[in-house]
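Undergrad: My questions will all concern the structure given below.
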Amino acid sequence: MEQTKKWGFWLLTAFVVGNMVGSGIFSLPSSLASIASPFGATSAWLLTGAGVLMIALVFGHLSIRKPELTAGPQSYARALFSDPKKGNAAGFTMVWGYWVASWISNVAIITSLAGYLTSFFPILVDKREMFSIGGQEVTLGQLLTFAVCTILLWGTHAILVASINGASKLNFVTTLSKVLGFVFFIVAGLFVFQTSLFGHFYFPVQGENGTSIGIGGQVHNAAISTLWAFVGIESAVILSGRARSQRDVKRATITGLLIALSIYIIVTLITMGVLPHDKLVGSEKPFVDVLYAIVGNAGSVIMALLAILCLFGTMLGWILLGSEVPYQAAKAGDFPAFFAKTNKKGSPVIALIITNVMSQVFIFSVISRTISDAFTFLTTAATLAYLIPYLVSAIYSLKVVIKGETYDQLKGSRVRDGLIAILACAYSVFVIVTGTADLTTFILGIGLFFVGLIVYPFVSNKFQKEKQA
């Protein structure tokens, strides 16, 4: 049976890299250039990479020391509490927040992919009015974009239902292709790279109020932009139930991080060495502008193809991840048992259907202002759902170290893991505080988890069993 096949190191690594390296990378060089010098941007990448490495190491050693916890952060949240009732509630809210966030992120990726398709199909931005809904005019472009997004969502659904293992191999191919695409971009950029465009490797930048921002401020501001490039680092851990070896999970998480970090740093420096600073800061499509300097008008076509390839792989990985969360939750008893139903190919069909139906609702945001407003609202709220699991995992790792679980005696590995857990906790707090600096974002995010507590008694199998006991 196909479902007995386990995923090895390279397939898991492809999910980590593919889910991290998405659409954000194409705008990051210009946004970083506006707030940091080359030295400031590089320092921010290294600082963020070091922080995420601590989280990756936490995920890695937990996957080995606690191999029975195969659902990632939701398992760690449950195991964090000695009281089963509290643990079950914590595990459920973690699942709920991450799952709801996946509906939103899936739609964001799909609409971004449709946006890049306009380079080849300009009719997708056609402004001709077709009809009105509730007094709102719907244009031909909006209608076609809705159709394209729907096809992309359910086409990906069909791929995953047909063969979950086949989808993992397809994801590997798309991830390898996107990495090779960035290697091509880097090599091509080196031919027109000019160190003179750097000016000085470090220089103060001007803030919005005209004040001069030094290296500390540059690194802090740039770190806010760079931290989002690493969301997805948890991919291999969430998929660890399908892994051939828990050591592969650890190796894939760390290797995926190092590959993504290398791409981020090098392409950032390449763009800074090809485009003049003023032009880079004002560029909406810095990658296109770099390739235009190398190959002329064909640059925009090449870049659009790379972006589409990037986003297709990211879409495939995140839709799978979004369905894997409720699937693993059902196997653990947190969600109703029907979420764990699989077909002969091992695909979690019910989890996929329900996840994608919820995503479909928000695809209406491209033609409905009401749903668009709700989509924006939930996007803000979902921010915290991707950040909290990092902190919970780090705290649980620290608990394991302090209690000495799986450590026979006080060895160097226990001290090392404890230090890593402390650093991961500190970085996770920084990420949450920085990533939700807007009080509204924080309140909405907490509200999302609060909703999880409200629905917990009605959805959780474990709660029903506790009630009957």
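Easy rule for this one: first residue shown is 1, then count along the chain.
The backbone N, Cα and C atoms fix where each Cβ goes, and this holds for glycine too.
Checked Swiss-Prot, it gives:
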TRANSMEM  8-28  transmembrane segment
TRANSMEM  44-64  transmembrane segment
TRANSMEM  90-110  transmembrane segment
TRANSMEM  144-164  transmembrane segment
TRANSMEM  179-199  transmembrane segment
TRANSMEM  213-233  transmembrane segment
TRANSMEM  254-274  transmembrane segment
TRANSMEM  301-321  transmembrane segment
TRANSMEM  347-367  transmembrane segment
TRANSMEM  375-395  transmembrane segment
TRANSMEM  417-437  transmembrane segment
TRANSMEM  439-459  transmembrane segment
Undergrad: The transmembrane segment (44-64) and the transmembrane segment (254-274): do they have three or more Cβ pairs under 8 Å, with pairs 6 or more apart in sequence?
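TA: Contact criterion met.
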Undergrad: The transmembrane segment (347-367) vs the transmembrane segment (213-233): three or more C-beta pairs under 8 Å (separation of 6 or more)?
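TA: They do not touch: fewer than three Cβ pairs between the two stretches lie under 8 Å.
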Undergrad: Does the transmembrane segment (439-459) reach the transmembrane segment (90-110), going by 3 or more CB pairs under 8 Å (6 or more apart in sequence)?
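TA: Yes, these stretches are in contact.
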Undergrad: Counting only pairs 6 or more apart in sequence, are there at least 3 Cβ pairs under 8 Å between the transmembrane segment (44-64) and the transmembrane segment (375-395)?
TA: yes
Undergrad: Do the transmembrane segment (8-28) and the transmembrane segment (144-164) share at least 3 Cβ pairs closer than 8 Å, excluding pairs fewer than 6 residues apart in sequence?
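TA: Output no: the transmembrane segment (8-28) is apart from the transmembrane segment (144-164).
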Undergrad: So what's near the transmembrane segment (144-164) in sequence-distant terms, Cβ-Cβ under 8 Å and 6+ beyond its ends?
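TA: Here the qualifying positions are 2-3, 106-107, 110-111, 113-114, 117, 123-124, 126, 170, 242, 315-316, 319-320, 323, 343, 345-349, 352-353, 356, 359-360, 363-364, 366-367.
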Undergrad: Give residue numbers and ranges for long-range contacts of the transmembrane segment (301-321): same chain, 6 or more residues beyond its ends, CB-CB under 8 A.
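TA: Distant contacts of the transmembrane segment (301-321): 15, 18-19, 21-23, 25-26, 102, 105-106, 109-110, 112-113, 116-117, 119-120, 152-153, 156-157, 159-160, 164, 167-168, 170-171, 174-175, 177-178, 181-182, 185, 232, 235, 238-239, 285, 287-288, 291, 295, 352, 355-356, 359.
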Undergrad: Using a Cβ cut-off under 8 Å, which residues of the same chain at least 6 positions beyond either end of the transmembrane segment (90-110) come close to it?
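TA: Residues 22-23, 71, 73-75, 77-78, 80-81, 149, 152-153, 311, 314-315, 318-319, 321-322, 325-326, 329, 332, 334-335, 355-356, 358-359, 361-363, 365, 375, 378-379, 382, 384-386, 388-389, 392, 448-449, 451-453, 455-456, 459-460, 462-463 contact the transmembrane segment (90-110) from elsewhere in the chain.
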